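According to TrEMBL, the features are:
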- 2-35: repeat 'TPR' (REPEAT)
- 36-69: repeat 'TPR' (REPEAT)
- 406-511: domain 'Restriction endonuclease type IV Mrr' (DOMAIN)
Amino acid sequence: MLAQYIADGNRCMRQSDYGAAVRHLEKAVALDPRSLEALMNLSVAYRKMCEYEKSIDAIKKAITLNEEQYALYEILATTCMSTENYCEAASAFEKALQGDYDPREASVLHARLAVCYQNSGDSNSTRTALKRSLQLHRSTLHELYSYRFTDFGWPPAIQQLEQEIDTEAETKAKVLVVSFMDTVNNQVDRFNEGKPNQNLLNNFISKYQPRLFLNIHNLNMIEEHLLRKHYKLPQFFLTPGITVGSISGEPDYDMVADFLDSDFYLLAKLVSKRVDIQDVSLADHVTYKIMIDAIYSHFTRESKSEFDSYLNGISDTRHCVELLLKQGNYDLTSSAYVGLLTYYIMDMGGFDEILGLDSGHNYVKCYIALLDIIEEIQEEKSVDDFEAFLQRDSKLDYVGIHDVDLMDGNEFEIVVGMIFEKTGYKVVYTKASGDQGVDVIAEKHGRKFGIQAKCYSKAVPNSAVQEVVAGAKYYSCDRGIVVTNNYFTKSAKELADSNEVILWDREFLAQKLTELNLTI
């Protein structure tokens, strides 16, 4: 019968027939005075009928049966608010809040507690309760109690509290970042104590095509992967304002994904093993920091080998770009060369004045700053070249890209040699000795380039790259260059990238011809 009386009482409650509900529930309590469910529902039914004393009496009986049933205190607090007994209501809400609630529910209770304190004249406790409500679920307070804000004079206080909460959260986040970064750096230092580890890292970086690490879009994909995987500490990464987005359409997505799923994963496991890291998130962040430091060391060495003979330790960014453009054999639209030059200037401290000490060693920020400077200088140079073109002697026969299209292979080789001679290189043609994949050898400042000239009516395939790689080795050249009046196939570009071969396509060649005012 007890269960039937309770079920009938609950049914009447749902139908808003509170008088009938009370009759059924009173019978249930008479049968079992220790039934929490019957007493709790009876209290609610009496409150709905505005019989507050009976409601309070029923819920207090329930509380004496189980003082740790915190939902009972919420019913008591609500009834006390109805009688405007705000002091007792506040005490009941405080007790209720010892229970386990989700953030939104807890926010509601704190907001109601603030109402009780406000009506009790306790302004300090009101402020504390409001702040906690905002911290738990900010929108709840605005959704449920905005109509009371003006009555209580709360709007300025709430605005101030929200600003205070945001400041505290920001401070806490900074403390957490600093603490985490200290932990990461300590683990990195432990790893770097072993010299065999440095050799391991050198081999790790050398295993991959330079563009994996030099292309800032690829670094961005690696960072987005880590951010998506662990979703914290964006301040840790090189990319400014990094967020999680769609990266599957990036050109090197497959290469980056394979790298992350295989070798980065294995490196993180190896790092964890060497310095005993159990936490996966910490291991990934430590591994990334170790990798970035290793990349910096690796490509700084590479950049010195590539540029020292031309730049000789110059740190001024603009001056470096102007000198390399003057050399004529570097395509500074290539991410590989821009990346190497970025590391060179970073090591010389050239970005410190432009970006400040904090950002002067952030590769991504420095790379972007260098691109801006290159674009600015190239635009200035385009204007100067255009002016020079207009001032040319019309009686002379200048060589343009369309003239090159009409040449045979031998004529094209001569023009290519003339371009390098005009920029200060000592040039040797190899035809007399059998070219071995190199048509022209150009040497300056102790650097020797093996050049293959391809006057083609179609895109140049990767076989040309293979030939110049072999020829450059045969003639003991520092680097191979392929020059064409056409373009390169995708596979040729990829092969050139992995073998550090410089490619001059139609646009680059046309630009050189215009710059140099070459005549025959």
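Cβ atoms are placed via backbone N, Cα and C, with glycine included.
Any TrEMBL annotation is an automated prediction that lacks curation.
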Intrachain residues whose Cβ lies under 8 Å of the repeat 'TPR' (2-35), provided they are six or more past its termini: 41-42, 44-46, 48-49, 58, 61, 65
Composition by DSSP (helix, strand, coil) of residues within the repeat 'TPR' (2-35): 27 helix, 0 strand, 7 coil
DSSP helix/strand/coil residue counts for the domain 'Restriction endonuclease type IV Mrr' (406-511): 46 helix, 28 strand, 32 coil
Mean predicted confidence [pLDDT] for the repeat 'TPR' (2-35): 92
